[in-house]
Each structure stands twice: as structure tokens, then as C-alpha cells.
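Peer 1: Reproduced below are the annotations present in TrEMBL:
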{"type": "DOMAIN", "residues": "B:82-148", "note": "domain 'HMA'"}
{"type": "TRANSMEM", "residues": "B:165-184", "note": "transmembrane segment"}
{"type": "TRANSMEM", "residues": "B:204-222", "note": "transmembrane segment"}
{"type": "TRANSMEM", "residues": "B:234-253", "note": "transmembrane segment"}
{"type": "TRANSMEM", "residues": "B:259-280", "note": "transmembrane segment"}
{"type": "TRANSMEM", "residues": "B:422-440", "note": "transmembrane segment"}
{"type": "TRANSMEM", "residues": "B:446-473", "note": "transmembrane segment"}
{"type": "TRANSMEM", "residues": "B:745-766", "note": "transmembrane segment"}
{"type": "TRANSMEM", "residues": "B:772-796", "note": "transmembrane segment"}
Amino acid sequence: MNIIYMLLAISVIVALVFFVAFIFSVKEGQYDDTYTPSIRMLFEDELIKEKAPEQEKPQNEHTNNQHQKLK
Amino acid sequence: MDKCYHCGDNCSNTAITHLDKVFCCNGCKTVFDILQENDLSYYYNLDESPGTSPSLNEAKFNFLENEAIVERLLEFNEQDTQVVSFIIPSIHCSSCIWVLENLSKIDASVKNTQVNFPEKSIRITYNSEQLSLKNLVVLLCRIGYEPSISLDDFEKKEKKVDRSLIYKLGVAGFAFGNIMFLSFPEYFEVNEFWLEKFKYIFRWLMFAFSLPVVFYSGRDYFISAYKGLRSKILNIDVPIAIGISVLFIRSTAEIIFDLGTGFFDSLAGLIFFLLLGRFFQQKTYAFLSFERDYKSYFPIAVTRIFQDPEKSTSEEQAQIYDLKTGDRILIRNSELIPVDSILIKGSALIDYSFVTGEAEPVAKRSGDKLFAGGKQQAGIIELEVIKPVEQSYLTQLWSNEIFSKTKQSNFQSLTDRISKKFTIGILSIAFIATLFWMIADPSKALNVFTAVLIVACPCAIALAAPFTLGNLLRIFGRHKLYIKDTSVIEQMSHIDTVVFDKTGTLTSNTKNLISYEGITLTEQEITLLTSTLRASNHPLSRSLYKMLQENDIETLDEFEEEIGKGISGTINQDSIRIGSFDFVESSNPTEDKLATKENYKRTEVHISSNNTYKGCYIFYNQYRNGIQEIFDRLKQHAEIIILSGDNDGEKRHLEELLPKDTQLLFNQKPKDKLEYIKQLQKLGRKVMMVGDGLNDSGALAQSNVGIVISENINVFSPACDGILDASRFKDLYDFVKLSRKGVSVIKWSFLFSLFYNIIGLLFAITGNLAPVVAAILMPLSSISIVIFTTVATNILGRKLMIKKAKT
């Protein structure tokens, strides 16, 4: 029956491991924002490709175009 | 009427149809195009009309060209990796998160973006060699997500999040659970062989688990009790601290001398529940700040002009803190004047409504002194700085001692008041019971003494207020009254005087109720009037034009604007003069003066056509909906006072709205308001201040409860105890009433927990308090109090909601 000492030790150690994990996760800031990740995980790569070839356009030209439109 | 596909606003006659979709303006259409071109049109599938109209004022962010400022704003800056965080007030739905986190699809030099939705903030990693910070901000503006960057961001503050309560709660919960398991066997099995053998190890393990609970998690209660005793106050933490120490000492003594199992589980449970109450009490609105001062209203930088000896001028973006007396600065339309200065060049039309409460923009001429905080409403002006920002008229207000004091220090909560009587009562019961047992059976005396102190530990009383008020705080939040902390609700229930600001609080900021007095204008005159108004940028012209814009418009042959006086326009042979009485009348001085001097405080726009005086348009403040109702209901419970920074032009109008004998005070400077509230408090009044602008901030800080009314809770509001969404203004009285009901819920729970205490005391006094009884009684009383308060406040809150649905 002395095995119970070992079982006790193991159970306490396992409990402590989870406890330490909890403390670390709090410290890392995992609980600071509990809302955004729940939304983020639902996003996939939802890009709607309509004009695939035009995609290659250099980025700067893009923004220039927009600039003119705004004016 | 069609709704804009991008922003969901009603499209008026300016609707643009593009790719089968309707847009309210070019800005919205452009955002749609940008997203479409970058394969991001899924944005519109996530939420309906999720967008915000982009602002097109990109010059506003010119200061981001200044390297020193960029350096201060960046969180991380090394070679080709830069990290920056912004607050973006327009983040409001999952579409926003999606499109912002896909920002790299629009511009490849953005490496990574992460949105924090509750804080409405975004953290962007980008490459500054390919994309400057200014262009990054401009990119965000173009898709309708303009970051707010103010002087406040400039002072790098290490944001220290205090997580110690979560750690303490974690430790207590962890130990509580483990101690429960270890204590269970002895409750159910007595004299069982194996248990007899192992119970010692179980007991010492429980002892070990309880150590961090008492000395780490429960530390605050000892500190608070000590502080209370030192200042001769018996606060609620005194009996709690006594209870904790007696529990710990007696339990330890029991296991040392093998008298029993001790009360370790009750001990850990007690501290765990108490901390849970504290945790629940803390409800923070991450996206709101209750501590803001002028810094979050001011920009980081302005344009400074250098005049070289060779007569060439150069501009640069200068930090506000670097401005020195004598510097020349340039302020564009709708920019804020950050320092006290003198107008050198240009015509100024300054809107001080937020700073002083004056509803009308003020016209200034060169040589006039301009105070910091005003907003320029006309073209570009050039100013000379006369005082650095820290010494300006507006910022001086913040040196008042009221801003450095914490408000709640002298407020005694209901719990504190009851705990005094409670502690004295418990201690006397403990001593009397001990005295009795000393005579009857001295061996039991110590047992009874400790048992009384254990069982009377006011766990349930200490939980009543946090859970009631914490839940009310959430209910208020759901109804768009965002309260700083729970003590504010308790303060609110004591209010007997309500002080209102006028401009921006009782009225909306713009005057848009317009009536005409005088000779009726012919159709032709109206056309001329409308066409002339269209050319002017003056706020009054614009609101008058808005009313008249249905009329025909013709091209003007001539148009002239005299800043601060009026405008004139000519078509063919007809001419019209619009503006102040003197301006309109100067063309024909012999005409009988129609306007009497008495009316000068009203906001009027006079019209004369072909040099004949016609009449005037009178502008009234638009009062918020339901204002009369709220006054009528409030006056039964509290005195109403109006403190306005504006002139008394609206006095008569206000007197009609208000209940009789209401005090109305006009031309109140920020300092006057503060002093006035102080005087009221000296008379023993509990004052609630309802305001909106920087001019109220002193009064808001001085009052017992300072509430800010805000049209848009994301934009700046001064430091306060609570922020109320303007749409819920008419429910102000309901909130006060609910806070009063909340306090009576607390009183009921006190009675409730007293009942538990009496049961416990019966066990204790008779010397029969077994650990298992304590282990059942303590959590039971705590949990039932939690349930009672939560259910009661939810029912009260629902009543508020049902009424809302009816109206």
C-alpha cells in the first residue's frame, strides 16, 4: 500500500504542471484578448479572385491609381 | 431609399451606382474598389455594410514625416522590420478584423497585422524601407480605418497590466480544489484502517497547500485590515483577516496535536470566493479610457514655419512640446490650435465649443489672442506662439489639485459602514460565549472562541457588494452607460443634485433648428440666397444651405465673403447680403432698425436683398430628445442645475423646458464650474455632473459622480466616472434609479447572510462546529448570496430593458 505515496506525489506533480502552465499563459498575455482569436479562427483564405491576372500589378502603381481617384 | 453597400448610410440624391451596387459617396466607392482589386471583397460577405466612409484629409498625417516622431511611435525598429500599434476607433465587427488582418494583401510591405478587438487596436509589422509610416497610415485611412494618434501616444508609457489578482485567484483555486480532495476521505470514513494510516500525510499536504493561499492569495486582506486599523476604521477586511488567521492557526494546531483534520478546505474556499468577488467586480472596458486629459485631444505635431533672412520660408513638422514662444505655426482648416498664440495672418473662425462651451464659432482678426484647444473652421492661418503647451490657458486647469486626488478616498461604502457594527457584534459574542464556557466547561472555551470567529467570518457580506455592483456594471454597460468601477454605482445611489452642462450635453453640438422672421422672400430671392450660401464655408451658412438645398441653384456673377461679418452675392442685377445685422444694414443705414438690441445674443443671420432689409433666420440649439421628460422625472428626486459656458441667449427657451425654479448659470468658465460644485458639496450635497467637453473636466473630477455624454464613445471624452452614449441620455434617470435598487439588493443580502451567520453561531456557541459543518455552511452561504444578487440585479435590469422596448 506504500504505492499511495508515489501516487500522491505523481498527482501533486501533475497538478503543479498544469498550474505552472496556467501561470505562464497568463503571463504571456494569452487572456488579455479573449475575443479576437475566437473570430480569427473562423477565417480561412477567403480571397475572391476575380481578376487573377491583374494581381501581378506592382504595388506602387496601385496606390497611385487610388490616389488619383480620390482626388 | 437605398443604403450604401459599403457603410450602410442612407444614400441621398448623391448616390453613385457602380458595378450594380449603390454607394453614398465617392469615398465609399473607392474603398470598395481597393478591396475588389485586391481580392478582398469577401469583406462584404462577412457582415452587411461593414465599412466606414474614409476621411480624405491626408495632410493631417504629415507629421509622420518627422523622423523623431516616427521613432517615438514605433514599438520596434530594426533594419527592415518595424512594429507599430494604433488605436482604430472604427473597428466594430468581424469584417473589420478580417480586412485589417489581410492588410498584407493590399500592400506587400506589410508583413503581419494583428487586431485586438476589445481594445480596438491593431499591431502592424511592416518594412519601412518600402513603406513609410505615413503611407501606412494613409493606406489605413483609404480603406476607412483612420488611426487616432494624439499627444497621449507620444509619451511612451509602459503599459503595466496588473495580473496579480488572476495569479492570486489561480493559486487559491488550485489549492482549494486539491485540499477538497484531500479532506474528503476524513469526512466520510471514520476509523477506517488505511485512512488512519495515511491521514497524517493527507493533513500535512493540506497544510502545505494552504500556505500559499494564506500568505500569498490572502495577503491583501491582512494589509487592508492593518491599514484600516491604523486609521481607526473597522473595515470589512478586519473580521475577514481575523477569520483567516484563526482558521489557519486553529487548523495547524489541530493537526500538530492530532485533534482533528482542521478547516483547511473552508480556509481555501473562503479566500477563493472572496477573490472571485473581487475579480467579478473588475469589469474593464478595454476600448474606453476614463483617465484622459487634454493630451489625448491634442495632436502630436503642427506645421512650423521658418522665415529665413533671405525671405524664403520653409515648413517643418514640429512636435508640440518643442514649440517655443515666438515660433510661427500654420493651422489648416479643421485643425486644432495646440498652444496659446496670436493670429498673424489669415482669417480665423475658431470653434471653442469643446473647450469653453460656447456654441458659436468665434471670428478673430490678426493680432487677436487665440487660446489652445480651439478648432479652426475656415482657411489656413498663421500664428505666433506666446506660451508653450504646458503653460497654456487650457492645460493650466489640470494643475488643479482635484486631478491628482483619487476620488473615492473619502467615500465610505455601505459594506464599510455595516462591518463596523458587525465586527463589534461578533467580538462581543465570541467573548461572552467564551466567558460562559470558562465557567461551564473550561476545556471547551478555546474551541468555542475560535469557532465563533471562524463561522462569523463575513464571507457572504463581503461578497454581496462586489457581485451586486459588478453585475449592475455589466447591465449598465449593455445599456451603453460605461462606468469606471463599482464604487461609482454606489455613489450614484446617493445623488441629490444633478448639474448639467448645456452645449453638447443638453443640446447637440450644432445649432440646426432654424426659423425665419421678417418679410417673406420671393422665389428668386431664395434661389439667390441658396446659391450664395453654397459658396460659403461658414458653419451657419452650411446649416442654412442644408435646409434650403432643395431650391434651384444658379451660377453667381459675384461673390464676396467678409470673415466674421457676412457674405454677398450677385446674379444679373439682383444682389443679396447675408450676415450680421450691421453688415446687412450698412448698405442702407437709413432703414428702420427692425432688430432690437435685446436679441443680440441670439444666433441670427440677416438677409437684405437689393439693399432692402428682409428679415433674419434664427438658429436655435437642438435639444436632445426626451429632455423635458428626463427633467420632470429627475426633479422629484434631485435638484437640477444648469451650468453653461455659453451666453444666456437661450435662457428663455431653457426656462420653458425646465421645471420651475431651476437654477440657470451662464458664462461659466471651467474653473467656475469646479468651484460651484465644490460649494454645493460643502453644503453636504451629493452632486452628479453631466458634461461633455474639456471645459467640464474640472467639474467632472470634483463631483461625486461625473458622467460624460458622448455621441460617439470612441472619440475623445474627458476624464470621468462614466461615459453615457448620447442615444441613452433620456434614460439617465433609470440608471440612477437602478443604482438605488442595487443598493437595496445589497442590504437584503446582508440580512440573508446574517441569517447564515446565526445558524453557524448556534453550532459554534454550543461547541459543535465540526469541520464538515463549516465546509458545508461557508460555500453554501457564499454561493447563495452570489445567486441571489445576480438574479435580483438581472431582474431589475430586465425591467429597464422592457421599458426601453416600449418607448
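Every residue gets a Cβ built from N, Cα and C, even glycine.
Just so you know, TrEMBL annotations never went through curation; they're auto-generated.
Mind mapping these onto the model and telling me what they sit next to?
Peer 2: Here the transmembrane segment (B:204-222) has Cβ contacts under 8 Å with residues 168-169, 171-172, 175-176, 178-179, 182-183, 237, 240-241, 244-245, 248, 251-252, 255, 261-262, 264-265, 267-268, 271-272, 274-275 of the same chain, all six or more residues outside its ends.
Cβ atoms under 8 Å from those of the transmembrane segment (B:234-253) belong to residues 207, 210, 214, 218, 221-222, 224-226, 228, 259, 262-264, 266-267, 270-271, 274, 415-416, 418-420, 422-424, 426, 450, 453-454, 456-459, 461-462 of the same chain, restricted to positions at least 6 beyond its ends.
Using a Cβ-Cβ cut-off under 8 Å and counting only residues 6 or more beyond its ends in the same chain, the transmembrane segment (B:422-440) has close neighbours at 234, 236, 238-239, 446, 448-449, 452-453, 456, 458, 461, 761, 764-765, 767.
When Cβ-Cβ distances below 8 Å are used as the criterion, the transmembrane segment (B:446-473) is approached by residues 236, 239-240, 242-244, 246-247, 249-250, 263, 266, 270, 273-274, 277-278, 280-283, 413-415, 418-419, 422, 426, 429-431, 433-434, 437, 483, 485-487, 489-490, 738-739, 742, 745-746, 749-750, 752-754, 756-757, 760-761, 763-765, 767, 769, 774, 777-778, 781-782, 784-786, 789-790, 792-794, 797 of the same chain, each at least six residues removed from its ends.
If you look at the transmembrane segment (B:745-766), the same-chain residues 6 or more away from its ends with a CB under 8 A from one of its CBs are 414-415, 418, 429, 433, 448, 451-452, 454-456, 458-461, 464-465, 468-469, 773-774, 777, 780-781, 784-785, 788-789, 792-793, 796.
Away from its own ends, the transmembrane segment (B:772-796) comes close to residues 183, 187, 263, 265-266, 269-270, 273, 454-455, 457, 459-460, 463-464, 467-468, 471-472, 475, 738, 741-742, 745-746, 748-749, 752-753, 756-757, 759-760, 763 of its chain (Cβ-Cβ under 8 Å, at least six residues beyond either end).
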Peer 1: Give residue numbers and ranges for long-range contacts of the transmembrane segment (B:259-280): same chain, 6 or more residues beyond its ends, CB-CB under 8 A.
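Peer 2: Residues 165-166, 168-169, 172-173, 175-176, 179-180, 183, 186, 199, 203, 206-207, 209-210, 213-214, 217-218, 221, 240, 243-244, 247-248, 250-253, 454, 457, 459, 462-463, 466-467, 470-471, 771, 774-775, 778-779, 782.
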Peer 1: For the domain 'HMA' (B:82-148), provide the mean pLDDT of the predicted model.
Peer 2: 83
